[in-house]
Every structure is written in structure tokens, then in C-alpha cells.
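As given in Swiss-Prot:
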type	residues	note
BINDING	H67, H69, H139, D158	Zn(2+) 1 binding site
BINDING	D71, H72, D158, H200	Zn(2+) 2 binding site
Amino acid sequence: MNLRQLSEHVFQCEFELDVPLRIPVHTWFIKDGDDVYIVDTGIERFADAQIRAALAIGNPKAILLTHGHSDHIGGASKWLERFDIPIFAHQKELKYINGEEPYPNKNEVENTGVAHIVQPLTEQTLAHLPLKYYLTPGHSPGHVVYYHKIDRTLLTGDLFITSKEDLHPPIRRFSVDINENIDSGSIIDQIKPTLICSSHGEEILYNEELYKNYVVRYRD
């Protein structure tokens, strides 16, 4: 695991999956005073290292999910074994996290280990923080991104796969509607963050050509 500070209040954990290529998996910590908010948990075997890293920064306060796929939620049950903290995702994601229905692009329901524990995100969930969530459907129906308003840092989950200079869509077969996902990417032109951070890829600085080039290259 590699822990890096991306901005004053945002830290990034990087792990690697071998499936069979090496794929980086990023999760994040948002520091607020002595408290730490965890954005995504990675898979279960990442949890112990992630917990140690979080405790070095502050006191775990809550888990915020971008969506319910296993490489984002798989470690959540381990966190809840250690800490009595709430876990949140968008309302539209809960029936998949709870195993009530499979994702529209899958045949089997998810086994998240936190069924009927995850609470719906509301405006009040983050009202005390300089953090805002935005619904960005396509990769999954209830996918969200999180924007730290002070640090101007956008945590995009699987909305994009990023390289140093370009945006790319998530893997099509793991996405419900790739064109809807690409349309959701317009959020970056609405927010205009300084830094864009994805779950799988490199940090990239925002510029006004990024999304235009992305649409031209990938939108059907």
C-alpha cells in the first residue's frame, strides 16, 4: 500500500489488483480536524492496511461510497467490525448493495457484507463538511463523485479512468450504460476542480479541453 497526501485535507491510498494486469485501486481519506472520512474501502484484503493508515491521520468517522462494486465496498465489513461508524451510498445504489437486485449488467446479486446497513446519502450527511456529492450515473445507477470545496479536489470513483493528460471511460462490460456515464462526466465542467482523482489511474489537472476531447473520442 502507498499512502500519499494529495492536498491539505485529502489523502490517497493506492493498492494493486492483479487480474491479470496490474490495476491500481485508490481509496481516499478526508481529514476534518481530528476526524477522518473514508471514501471507498477497496477489497477485503486491503482493509487492515487501510485502517492502520487512517488511524495515523485521525479518528474514523464515516464511510462514503462512490458505488457498490466489490473493489469499492469489499472492505467495508472489516471496518465495521472495528468501528461503530455509519456507511453511506446514494439511494439509487442501495438495492444492489443490499442484494435485492443484480446490477442491470449482471446476472447475480452482489454479496457486499453490508446489506441493509448502508444508509442513503442526503444533503444533511455532508452538511458539516466542505464536501459535496454529485450523482453521476452510468457506470452504476447510483454512482456518485465527491468534491472537496476547499481543496478543489474531485474524487471521481469509476466515472473515469485517468492518465496524466487524458480521461478514459471505465471498462464497458463492468458499466451499466457507458454513454450515460460519459454524459455524467460533464460534471467536471460544472465544478471546474483543480485536481481530478480516479479510482483507477493517475491524478490529472482540470482544463477546459479535457471533457471535450473525451466526448469526441468515446461518445457513441
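Numbers run from 1 along the shown chain.
The backbone N, Cα and C atoms fix where each Cβ goes, glycine too.
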Q: Pop the Cα-Cα gap between D158 (Zn(2+) 1 binding site) and H72 (Zn(2+) 2 binding site) into the table, whole Å please.
A: 9
Q: According to DSSP, folded down to helix, strand and coil, what is H67 (Zn(2+) 1 binding site)?
A: coil
**Q.** Three-state secondary structure, which DSSP defines for H200 (Zn(2+) 2 binding site)
**A.** coil
(Q) Roughly how many Å lie between the Cα atoms of D71 (Zn(2+) 2 binding site) and H139 (Zn(2+) 1 binding site), rounded to a whole value? (A) 14
Q: List nothing but the one residue from D71, D158 whose Cβ has the fewest other Cβ atoms within 10 Å; the candidates are the binding-site residues.
A: D71
**Q.** Other CB atoms, at most 10 A from the CB of H139 (Zn(2+) 1 binding site)
**A.** 28
